[in-house]
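According to Swiss-Prot, the features are:
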type     : residues               : note
ACT_SITE : THR7                   : active site
BINDING  : GLY162, CYS165, THR168 : Na(+) binding site
Amino acid sequence: MEQYHGTTILSVRRGRRVALGGDGQVTLGNVVIKATARKVRPIYQGRILAGFAGGTADAFTLFERFEAKLEKHQGNVLRSAVELAKDWRTDRMLRRLEAMLAVADPDNSLVITGNGDVLEPEQGIVAIGSGGAYAQSAARALLENTALPPEEIVKKSLQIAGDLCIYTNQSHVIEVLEG
């Protein structure tokens with residue numbers, strides 16, 4: 001059976017201000033199933049932002065596991081991500097999950113990959129999903145050449161990705177944290 005997939009998730013930071021946004025499209029094969037899905041949300045008492053790309057059910061499983069790690073490690077994003085990655089590599093069920101998480105707090109921006117890797121991308125930009133490369137390119141240009149706040153960069157970059165990627169739409173959810 002085909003999985004629900006296709007999205008763009010983007011996080012941009014300037015200093016300790018970080019925005020994380022995503023589009024709302026969910027597809028099953030070549031059919032749009034939902035246009036207003038919420039794939040980005042604040043977690044851990046609103047102090048951390050998280051977004052997912054990949055299989056929806058798989059992503060919710062990862063969200064739950066990551067939130068449990070955050071509780072265990074008092075909201076330490078990096079430690080929680082590393083501990084989740086360790087579980088991911090050793091747990092048979094987790095290894096079968098087809099999803100990625102983008103997480104950010106005022107100090108860290110991370111990608112937790114489907115291989116159980118934890119990556120801290122350069123330049124404060126995290127982009128995952130089918131439209132991630134388009135959004136990342138736009139965000140990098142805007143971050144380097146304008147004084148726009150992170151949420152505006154995320155908004156404009158998601159719009160560009162939605163114009164180019166057939167699995168990304170123009171229904172956006174953008175969350176912001178101020179450090």
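From the backbone N, Cα and C atoms, a Cβ is placed for every residue, glycine too.
Annotated features taken from Swiss-Prot, shown on the structure.
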residue	record	Cβ neighbours (10 Å)
THR7	active site	31
GLY162	Na(+) binding site	22
CYS165	Na(+) binding site	21
THR168	Na(+) binding site	29
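Rounded to a whole value, the Cα-Cα separation of CYS165 (Na(+) binding site) and THR7 (active site) is 9 Å.
Within 8 Å of the centroid defined by the CB atoms of GLY162, CYS165, THR168, the record's Na(+) site, lie the Cβ atoms of THR8, ASP23, GLN25, SER130, GLY131, TYR134, ALA135, LEU158, ALA161, ASP163, LEU164, ILE166, TYR167, ASN169, GLN170, excluding the listed residues themselves. Distance between Cα atoms for THR7 (active site) and THR168 (Na(+) binding site): 5 Å, as a whole number. DSSP assigns THR7 (active site) to coil, not to a helix or a strand.
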